[in-house]
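S.K.: This is the structure, below, for whatever I ask next.
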Amino acid sequence: MQKRKGGSGSDGKGRKSSTGSSDGDGEDHRAKKIKIDGAECTTSPTDIVPGMHLLVISPQKLDSNMLVAAGCDGLPAAPLPPSEPLRRRPWKEIYAERLVVERNWRRGNPKDSTLEGHTDSIMCLQYDECRSILMTGSFDSTVRVWDMESRECVRELKGHTRCVRALQFDDSKLITGSMDRTLKIWETKAFKCVRTLEGHNEGVISLHFSGMLLASGSIDGSIRVWNLSKGACFALTGHRDWVNKVQIINGTQLISCSDDTTIKLWDLSTKQLLRTLTGHAGQVQCFQTQIPHHLPALPIKLPEGTPIPLPVTKIVSGSLDNTVKVWDQSGDCVKTLFGHMEGVWCVAFDSLRIVSGSNEGKLNVWDMESGGLMYTLAGHTGSVNCCQMTDTKILTGGEDGKVRIYDFLPKPVAQISAA
């Protein structure tokens, strides 16, 4: 068992601190890193499997509205607008592209580039590949909107008075959570703040919305679930420490992880805790789930002593015990990945690989099937705080205030040949 981090530069709970910086109340909130929360989708979360590679042989059979991109935490992003036609491509071009992408993934051969603009650590990010938009939240209290075609910052959103720790957006709204104890809802046409939600006693460090439900996690150990249409809110209590990640599943259940070293499953209708997963020896900072295409119907009454199955087929979690764990639908830990020398702040995965970012500034890429370490990507000069995978890219945000983009398809499609 590995020890939790501590000593100099730590608050004794394994939370990283940065020299000479605090958030104004005597506690260094930069110590906690979270990864981006899952993106809401306008299609059903069961429509795609994270990382699935789709080769379209007959594009004439597809409607232009059907194309979706994998969003944060394996949930699909919003579809292309109806006015955006689906470009038809020769199958040879697609095949050649897939060869290049997969070869670069296997060899660990991406093109590395950076985005700079924030004046402090980047704490959360979300990338929408269809619309080529990236949003980042920072310890500098701002959110930046990036055009990924031009690689330029096109908006800087100000309104929070302290660190922006969590964000999620879709085609109509952006929701942000901050250490100022509030959540803000922004409309994404003019990027104006239209609503501020208050209720947490301490900073908001995680959020996820699905439909009209919004969940938020706080350093006060509570989870709040908001009905955005009715304005109602209720709390889920059970964690004993910071709630680092929340995710609503199918509008009926919620999964959370915490510094109390656990992952919990909640029933949103009864507001009851259904199950607790234990196994990490340190604070659980992050997780990502894989949602099945078709959720099996649960029996009315499970046999006595039978654990409630998870509403997801897989969970990958990262912890300050320096490990990444893979959990199956039964809630059993089926793999523990060792390789990081310091705590893990963020994870992402698809059907083939797992990516994890750590306090040592390294990004590990693991083989999903074997659990073996494939290679390590460097670049950040401080911890890797948040990450997201797409079919062709890894995007990370770091303590150094930079976004790094590892592109496994660096050439324009027109330049790709099967050779």
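Cβ atoms are placed via backbone N, Cα and C, with glycine included.
Sharing the features that TrEMBL gives for it:
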type: REGION; residues: 1-37; note: region 'Disordered'
type: COMPBIAS; residues: 27-37; note: compositional bias 'Basic and acidic residues'
type: REPEAT; residues: 115-156; note: repeat 'WD'
type: REPEAT; residues: 157-196; note: repeat 'WD'
type: REPEAT; residues: 197-236; note: repeat 'WD'
type: REPEAT; residues: 236-276; note: repeat 'WD'
type: REPEAT; residues: 315-328; note: repeat 'WD'
type: REPEAT; residues: 337-376; note: repeat 'WD'
type: REPEAT; residues: 377-407; note: repeat 'WD'
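Locate each feature and note its surroundings.
M.R.: Taking Cβ pairs closer than 8 Å, the repeat 'WD' (197-236) reaches residues 29, 32, 34, 37-38, 40, 45, 162-163, 165-168, 175-185, 242-248, 251, 254, 256, 258, 260, 266, 268, 271, 273 in its own chain, all 6 or more past its ends.
Residue counts for the repeat 'WD' (236-276) under DSSP, split into helix (H, G, I), strand (E, B) and coil, are 0 helix, 25 strand, 16 coil.
Non-local neighbours of the repeat 'WD' (315-328) in the same chain are 1-2, 4-5, 14-15, 255, 257, 261, 263, 277, 279-290, 334-338, 340-347, 349, 354, 356, 358-359, 364, 366, 371; each lies 6+ residues outside the stretch with a CB under 8 Å from one of its CB atoms.
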S.K.: For the repeat 'WD' (157-196), what is the mean per-residue pLDDT, to the nearest integer?
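M.R.: The predicted confidence over the repeat 'WD' (157-196), as a mean pLDDT, is 98.
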